[in-house]
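This report refers to the structure that appears directly beneath it.
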Amino acid sequence: MSEISGIRREYTLGELHNEEVPSDPMDLFNAWLEVIRDSDIKDPTAMSVATVDENGQPFQRIVLLKRFDNHGFVFFTNLESRKAQHIANNAQVSILFPWHSLDKQVAVTGIAEPLSKTEVLKYFMSRPKESQIASWVSKQSSPISARKALESKFAEMKAKFSQGDVPLPKFWGGYLVRPKSIEFWQGGEHRLHDRFIYTKKEESWEHTRLAP
């Protein structure tokens, strides 16, 4: 096995001071996301979503953030997927935005709520047609024999939907994650990182600096 214990670097790209922390965490998230979007980070909206199964076993996967506002964070998925099955059983999830190349990360805990069909359809119709077709092809998280099976099914569905709009699959939808806590981490020199956690208190937020 490779020796990896010596892999490390200093975090020197910034600090997060008390006076720079706004009362609303979504304002800080928006400001950080703008910085990330202006950088050369690929997939700036990629986030890890963690769910747990009925035995308490956690699972993680990368999805794309598609919208955020004062209500929370939105993503879309196959409703027959493992993550959707987990959420149906336990709607408590966590999200992580791993912006490590800029020494930043944002960790969110919250409750995942299904989006309305109207919201889902609006987003689905904005997707490239090939992505819409792909939504019909994959029975997400189920075993398949080979990639060729997917490619054959895609070709079949592409021919089927060659004319007109691609309909929204009944098994495709999305979630709004309403945050209960949002933690911002800014890497610091000598491992003296800056951490601030926001906690939802009824309709307002409280924030606290945490030791690294």
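Cβ coordinates are placed from backbone N, Cα and C, and glycine is handled just like the others.
DSSP assigns Arg127 (substrate binding site) to coil in the three-state reduction, outside any helix or strand. Other C-beta atoms found within 10 angstroms of the C-beta of Arg127 (substrate binding site) number 15, with every protein chain shown included. Annotation comment: Swiss-Prot describes Arg8, Arg9, Glu10, Tyr11, Lys66, Tyr123, Arg127, Ser131, Arg191, Leu192, His193 as substrate binding site.
In the three-state DSSP scheme, Arg82 (FMN binding site) is classed as helix. For Arg82 (FMN binding site), the same-chain residues that are 6 or more apart in sequence and have a Cβ closer than 8 Å to its Cβ are Thr51, Asp53, Phe59, Gln140, Ser141. For 61-66, 76-77, 82-83, Gln105, 140-141, Trp185, Arg195, the entry in Swiss-Prot reads FMN binding site, with the evidence type sequence analysis.
For the binding-site residues Arg61, Lys66, His193, the ranking by surrounding Cβ atoms (within 10 Å, all protein chains) places His193 first. The Cβ of Phe76 (FMN binding site) has 20 neighbouring Cβ atoms from other residues within 10 Å, across all protein chains displayed. According to DSSP, Arg191 (substrate binding site) sits within a helical segment.
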